[in-house]
Amino acid sequence: RVILVTYVVATLDLIFLFMQFGVMPYLAKSLGLDSVGFGYLQTTFGVLQLVGGPIFGRFADQFGARAALILSCASASAFFLLASITTSIPLLYLSRLPMVFMHVMPGAQKVITDLTTPSERAGALGKLGLCFGIGIILGSALGGILSTKFGALRPAAAPCLYQDFLFALLAFMQFVLGFFRQLIVGPLQAGSVFSLHKILRLMKFPGVMEVFLVKVLAGFPIGLFLIMFSIISMEFFGLEAAQAGYLMAYFGVLQMVVQGLVLGRLTSLFTEKTLLRLSVLVLAGVGLGMALMRNVLHYCIVSVPLVFSLSTLATITDSMLTKAVPASETGTMLGLCASVQPLTRTLGPTIGGILYKHFGVSSFGCLQLSINVGLFAYLLRSNIPLGEKKS
């Protein structure tokens, strides 16, 4: 029951998150923010998530997964509330600050990691991808509907005022009570949540550094492409806004199918090391397909192995890394894993813009192919001491 409730909470939070992703460009434009300023706003979001991920993980280890999820929901409510009353560009930037602790996925992963055995973990973590797909589809659709019906300012307020605000107000009260209870029962050591040494020392455990680097490098070129996708969809594919939304919905459906129907079966048949190698090999093939694609139909075809490989890579690496560290450190490890995407979002606009401007869309595929061919050769030769047993 706890895991089921965790899935529901994660799904609702992701729906609201993708609603604001669709609304925020229109809100920024209505306030007079140009494309360069909006890029800075996105970079601010990436930096906050990058810094907050490991700290959030340490918080989950110290106070528990329940308190971590409460903190994430309370931060989301603060963000939605600030966004709903934003009337100027400085306030728009200020509304991003609560996002430093908006990490519902690592919080949910922490709950699942604590409540499942190692043999069940990969499959249970994979089902969170189903929540992610539902969040993409429903969140994008609701954001578009609210933007059309109520204007740019209403959608940012709607989740907060009607659902998330009420829920997180109660959750925040529970968090405060839980916080003081933890202080009374077991005081937190001074500075331990913000200890960079305790966070980075996890990389010294056997196999952790290797798997983490594969996680970062294998998906980095695709991350650059997805960051630039809004521009690529307009200029390269020639899509309208509605058509781009349908394409995102298609992407979400693929992820739901892979995470809900395919990945769990694979984890019961193959070792995690085998699935890690398979995901990297498929990503190399995806890079070749992206280098050759010329229209949106080609992209729809490439999206099938793309979603499969990214979902497998994310789930298997998270499972392997949480098994490689002590149970008391799994939250910190998941926080480090959660910082991979913010790192891409921080560096992506600059690197992706240079690649697209000077070398075109095919450059993302060529970079993806070359990196993952090298990683696959490394994985064939290496002996990572993780994931030897079938899940």
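Including glycine, each Cβ sits where the backbone N, Cα and C put it.
Annotation comment: TrEMBL describes 1-385 as domain 'Major facilitator superfamily (MFS) profile'. For 7-28, 40-60, 67-93, 124-145, 165-184, 212-232, 244-263, 275-292, 299-316, 359-380, the entry in TrEMBL reads transmembrane segment.
Residues 22, 122-123, 126-130, 132-137, 140-141, 144, 230, 233-234, 296, 299-300, 303-304, 307-308, 311-312, 315 of the same chain lie 6 or more positions beyond the ends of the transmembrane segment (244-263) yet place their CB under 8 Å from a CB of it. When each of 40-60, 67-93, 275-292, 299-316 is checked for Cβ pairs under 8 Å to the transmembrane segment (124-145), 299-316 comes out on top. Counted over residue pairs 6 or more apart, the CB atoms of the transmembrane segment (212-232) and the transmembrane segment (299-316) come under 8 Å in at least three pairs, which marks the two as touching. Proximity of the transmembrane segment (359-380) to the transmembrane segment (275-292) is established through 3 or more Cβ-Cβ distances under 8 Å for residue pairs spaced 6 or more apart. Looking at 7-28, 275-292, 299-316, the range that has the most CB pairs within less than 8 A of the transmembrane segment (67-93) turns out to be 7-28.
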